[in-house]
Amino acid sequence: MPELPEVEVSRMGITPHLLNQTIQSLIFRTPKLRWVIPSELKKLQGQVIRHIGRRAKYLIIETDVGSAIVHLGMSGSLRVLDADFPAGKHDHVDLKLSNGKVLRYNDPRRFGAWLYAAPGEDHDVLGNIGPEPLTNAFDGQYMFEKAQGKRVAVKQFIMDNKIVVGVGNIYASESLFRSRILPTRATMSLSAEEWQRLVSHIKQTLQTAIEQGGTTLKDFSQADGKPGYFAQELQVYGKAGEPCPECGEAIQEQKIGQRNTFYCSYCQC
């Protein structure tokens, strides 16, 4: 599943091709992805793209009459192509531009979404969510205060979008390993110093992943079709049974909150 770094990489990749371009047409080859594609998106035809933003794992393509809100789901990707490039089997949405390009949305599993938000309004999917992890609002003190009285495993806690957005499964495992914190620990058991360390590693891990173009494990590719290279930086994720890069002990795998979790039981405590 594309996580925050992959969505941010997509935003950075499409922005130079979309910004200040006019949307000539919107083509939908399916009526429904995760949700029904709203007819209001057709309002964006003929409008100039003013800004391409991101909130959590949602891309926001803004015009004067409203915004398209795009979620990549489990297997979605966005590519910028020449407008006459033929569509493939899983190419469900085309946004044709005045510069002769098309923003094409591909999603084999159809778990993604294209939604509409009126000017100045937030869609319901963006309500009641936590701060962005790469902003100053997300710091050790904030997490320490939020953690008080919480017995849930720390890995589940940092993946809760109501606490902080965009810390997905891959980056949660990697950040906890780099912080030397066991993912099964009760959230309330972490000290203020441990929270500061974990927050620092979450920020570093996400930023490095963005700089590396994200993590390509299966479906994700950048806007130009290239893979992300952060997979080469992974230290524990997907490496059960392999030697820990720090101590040589076998990396463990365990289900936490129904998600595969990878850690070193010797290095992390």
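Backbone N, Cα and C atoms are what each Cβ position is placed from, and that goes for glycine too.
Remember, predicted model here, so these are calculated numbers, not experimental data.
The annotation active site, schiff-base intermediate with DNA is assigned in Swiss-Prot to Pro2 on the grounds of sequence analysis. Taken residue by residue with DSSP, Pro2 (active site, schiff-base intermediate with DNA) is part of neither helix nor strand, so it is coil.
Here Swiss-Prot flags Glu3 (among others) as active site, proton donor, drawing on sequence analysis. Close to Glu3 (active site, proton donor) in the fold, though at least 6 residues off in sequence, lie Lys57, Gly166, Gly168, Asn169, Ile170, Tyr171, Gly214, Thr215, each with a CB less than 8 Å from its CB.
In the structure as shown, the Cβ atom of Lys57 (active site, proton donor) sits within 10 Å of 22 other Cβ atoms. Under the heading active site, proton donor, Swiss-Prot lists Lys57 (among others), citing sequence analysis as support.
Sequence-distant contacts (6 or more apart, same chain, Cβ under 8 Å) of Arg109 (DNA binding site) comprise Gly73, Met74, Ser75. As annotated by Swiss-Prot, DNA binding site applies to His90, Arg109, Lys150, with the evidence given as sequence analysis.
Within the chain, the zinc finger (235-269) has long-range Cβ neighbours (under 8 A, six or more residues past its boundaries) at 153, 155-156, 159, 169-170, 172-174, 176-178, 180-184, 217. The zinc finger feature in Swiss-Prot is assigned to 235-269; the stated evidence is sequence analysis.
According to DSSP, Arg259 (active site, proton donor) sits within a strand segment. In sequence order, Lys155, Met159, Asn169 make up the list of same-chain residues 6 or more apart from Arg259 (active site, proton donor) whose Cβ falls under 8 Å from its Cβ. Here Swiss-Prot flags Arg259 (among others) as active site, proton donor, drawing on sequence analysis.
DSSP assigns His90 (DNA binding site) to coil in the three-state reduction, outside any helix or strand. Of all the Cβ atoms in the protein chains shown, 17 others lie within 10 Å of the Cβ of His90 (DNA binding site). On the 0 to 100 pLDDT scale, the model's mean across the zinc finger (235-269) is 97.
In this structure, Lys150 is the one among the recorded positions Pro2, Lys150 with the smallest number of other Cβ atoms inside 10 Å of its Cβ.
Between the alpha carbons (Cα) of Lys150 (DNA binding site) and Pro2 (active site, schiff-base intermediate with DNA) lies a span of roughly 28 Å. Note on the zinc finger (235-269): DSSP counts are 0 helix, 12 strand, 23 coil.
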